[in-house]
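**Student:** The structure under discussion is supplied below as structure tokens; questions concerning it will follow.
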Amino acid sequence: MAFKDTGKTPVEPEVAIHRIRITLTSRNVKSLEKVCADLIRGAKEKNLKVKGPVRMPTKTLRITTRKTPCGEGSKTWDRFQMRIPKRLIDLHSPSEIVKQITSISIEPGVEVEVTIADA
């Protein structure tokens, strides 16, 4: 039995496309927005499907303490707070390309968390 040449080239296996969620948190909003813009610019240069940045609610951590250390005197209070904004970026791409995108220089103080799931 002879095999016929159909003229078709063998089909190459496609690279698995994952849904990648990048979570960015920082205390400084300007540096957070700069890193978001850099990530999105890098993803669009590679022609990836990008969703975001999604602005999540800002966490506000509050501490209220008495000013006086001994407890005597007028009851005056200090109020301290720290705001932590959060951004989400969703990408649909192979994980190798995401390694290239996330290898950009990230501002100090910005935490990056990458979660990979099947598309």
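Each Cβ is built from the backbone N, Cα and C atoms, and glycine gets one as well.
Got these off Swiss-Prot a minute ago, pasting:
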type     : residues : note
MOD_RES  : ALA2     : N-acetylalanine
CROSSLNK : LYS4     : ubiquitin cross-link
MOD_RES  : LYS8     : N6-succinyllysine
CROSSLNK : LYS8     : ubiquitin cross-link
MOD_RES  : THR9     : phosphothreonine
MOD_RES  : LYS34    : N6-acetyllysine
MOD_RES  : LYS75    : N6-acetyllysine
MOD_RES  : SER93    : phosphoserine
**Student:** From the Cα of LYS34 (N6-acetyllysine) across to the Cα of LYS75 (N6-acetyllysine), what is the distance in angstrom?
**Tutor:** 43
**Student:** For each of the modified residues (LYS34, LYS75), count the other CB atoms lying within 10 A of its CB, then report the residue with the highest count.
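**Tutor:** In terms of Cβ crowding, the pick is LYS34.
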**Student:** Sorted by position, what residues of the same chain at least six away from SER93 (phosphoserine) have a C-beta under 8 A from it?
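**Tutor:** Result: ILE17, HIS18, ILE20, ALA43, LYS46, LEU48, LYS49.
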**Student:** Please report the three-state DSSP label of LYS75 (N6-acetyllysine).
**Tutor:** coil
